[in-house]
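The following features are taken from TrEMBL:
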type     : residues : note
TRANSMEM : 83-103   : transmembrane segment
TRANSMEM : 109-129  : transmembrane segment
TRANSMEM : 194-213  : transmembrane segment
TRANSMEM : 219-239  : transmembrane segment
TRANSMEM : 334-360  : transmembrane segment
TRANSMEM : 380-404  : transmembrane segment
TRANSMEM : 416-437  : transmembrane segment
TRANSMEM : 457-484  : transmembrane segment
TRANSMEM : 496-521  : transmembrane segment
TRANSMEM : 541-559  : transmembrane segment
Amino acid sequence: MELKKGVETRGVNEEKWVHDSSVDHKGRVPLRASTGAWKASLFIIAIEFSERLSYFGIATSLIIYLSKVMHQDLKTAARSVNYWGGVTTLMPLFGGFLADAYWGRFTTVFVSSVVYLLGLILLTMSAFVPSLKACEAAMCPKPRKVHEVVFFLAIYLISVGTGGHKPSLESFGADQFDENHDEERKKKMSYFNWWNFGLCCGLLFGVTVVVYVQDHVGWGAGDIILTAVMALSLVIFIIGRPFYRYQVPTGSPLTPMLQVLVAAIRNRNLPYPSNPAELYEVPKSRTDKGRLLCHTESLKFLDKATIVKDRETGAENQNPWRLATVTKVEEMKLILNLIPIWLAMLPFGVSVAQTATFFIKQGTTLDRSIGNGFQIPPASVYALAAIGMIVSVTIYEKILVPVLRRATGNERGIKILQRIGVGMLFSIATMVVSALVERKRLGVVAKDPVKGSLSMSVFWLAPQFVIIGVGDAFTLVGLQEYFYDQVPDSMRSLGIAFYLSVIGAANFLSSLLITAVDHVTEKTGKSWFGKDLNSSRLDNFYWLVAAMTAANFILYVFLARRYPYKNVQSSVAVADCYEDGLEGSMA
């Protein structure tokens with residue numbers, strides 16, 4: 001009876017309090033009813049809506065601004081956008097490290113939001129302060145040097161702000177759900193879908209309302225809206241402080257990995273035990289925070305770090321540079337297993353990079369009038385991708401997931417890497433459709449060089465934007481979940497940063513590809529990238545990207561089929577690690 005009563009008491013306590021190593025805003029064990037879950041994450045999704053509105057209000061119009069105001073040619077403007085996009089999505093590696101190791105996610109988001117806001121204020125000043133404006137008159141052949149300096153300083157300050165904001169905010173939102181609680185764990189699987197729903201709504205407003213103001217009122221008016229929205233999001237974030245659950249940073253997550261590597265090298269000559277259960281692990285009874293991972297057979301040379309050399313001394317008293325736990329070794333394996341998947345996503349990222357550069361530029365050459373002479377801003381065509389993603393995420397969450405759960409028995413419906421692979425197929429289709437549409441546009445230009453492609457509706461671009469939007473609902477959402485879920489628990493901000501770095505590295509790769517193709521095609525005759533679109537052969541470039549992405553997809557399938565998912569010990573017994581049907585198999 002006493003044992004039964006003890007179990008019931010423990011169950012009540014676990015339902016009332018959250019025991020996942022998080023704390024509330026006063027540093028106490030969080031009360032489940034008043035912290036975390038949707039009541040906290042909805043604040044965070046609202047902030048993401050505001051931040052993405054600001055970001056895409058700049059990003060989708062950037063190539064237009066560089067062409068019209070800065071007077072850069074097509075390939076220079078495309079490279080400038082790719083460089084900025086690359087820096088913006090690689091900076092999160094630094095911000096994620098700070099969040100995980102030292103500052104914590106809340107503080108990192110707060111500081112980076114202030115930096116982001118300063119960048120927007122400087123951007124607004126460059127449009128209104130007379131001495132910082134591009135020109136004294138309405139039009140000029142070349143902008144002032146001071147304007148160029150201030151403008152690029154402002155947008156790269158925004159890059160720095162995004163570097164802390166993006167990885168910390170998304171992982172902070174996911175931290176609001178307790179993975180050891182059945183109901184909250186299922187909600188967490190939906191969180192990434194609704195996170196992207198909020199993100200796309202912000203994107204949609206950014207590329208419609210803000211871009212319309214930029215196009216019809218002025219760049220400065222758009223900057224004022226972006227600054228006001230970011231300031232409001234910072235206030236919202238602070239208001240939600242009592243409802244959040246906080247993960248306390250535990251120092252650099254890179255040090256334990258270096259210890260594993262050093263210990264494995266030092267112990268390389270020790271005999272491997274016949275029974276994996278003899279490998280060193282901290283008993284669960286002495287684990288006050290964090291989850292223990294099961295031993296896996298991959299990358300076995302690292303397991304040498306877990307072999308106890310001197311059992312008389314006591315494993316817990318030995319040097320961590322000589323002996324590591326199974327969990328620490330498995331965490332090292334998780335990071336090494338990420339690398340092939342990260343590399344395999346780069347061609348997908350190159351195809352995504354075209355949406356913010358050449359796709360938008362194509363829109364400037366087409367008929368954008370609807371109704372009674374209303375002109376759609378070129379960057380607003382990007383809204384079709386956002387709509388495609390919003391609709392797809394909703395259908396996936398509300399219809400496909402319940403059906404797939406029943407069919408596969410997997411809590412997620414399908415495995416994370418399967419979801420990513422489905423989206424990669426859409427990215428191939430996007431580049432094929434883009435090539436066909438661009439060839440059609442060039443045919444129209446050849447028939448009527450004077451009027452060009454203005455007789456073609458901008459909605460010819462709708463298929464490629466909608467398809468990439470649908471693909472993003474699978475691949476980008478899947479990547480976010482993958483890089484959050486399949487990294488060590490202490491590196492989840494860095495995990496989101498790894499996801500963003502795929503897009504960042506792909507932007508740089510896209511710039512290098514443009515430069516290489518320009519160089520090669522110029523030598524063989526006429527460059528595929530002329531001064532404008534009508535003198536270019538973007539259709540050939542799109543075919544090249546489609547072929548690269550298709551070839552890479554074959555490699556991705558090979559890697560995904562052999563990928564060992566993260567395997568967390570159950571709360572019952574370590575022996576469960578060696579049975580089928582564990583959490584790792586549900587990924």
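Positions of Cβ are set from backbone N, Cα and C atoms, glycine also.
Where the annotation comes from TrEMBL, it is an automatic prediction and has not been curated.
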> What stretch of 83-103, 109-129, 194-213, 416-437, 541-559 shows the most Cβ pairs under 8 Å to the transmembrane segment (334-360)?
Replying inline: 541-559
> Any chance the transmembrane segment (219-239) and the transmembrane segment (380-404) have 3 or more Cβ pairs under 8 A, given the pairs are 6 or more apart in sequence?
Replying inline: no
> Where among 194-213, 416-437, 496-521, 541-559 do we find the most Cβ pairs under 8 Å to the transmembrane segment (83-103)?
Replying inline: 496-521
> Among 380-404, 416-437, 457-484, 496-521, which stretch has the highest count of C-beta pairs below 8 Å with the transmembrane segment (194-213)?
Replying inline: 380-404
>> If we skip the immediate neighbours and take only residues 6+ beyond the ends of the transmembrane segment (380-404), which ones have a Cβ under 8 Å from one of its Cβ atoms?
In response: 56, 60, 190, 193-194, 196-197, 200-201, 203-204, 207-208, 211-212, 355-356, 359-360, 363, 410, 412-414, 458, 461-462, 465-470, 472-474, 476-477
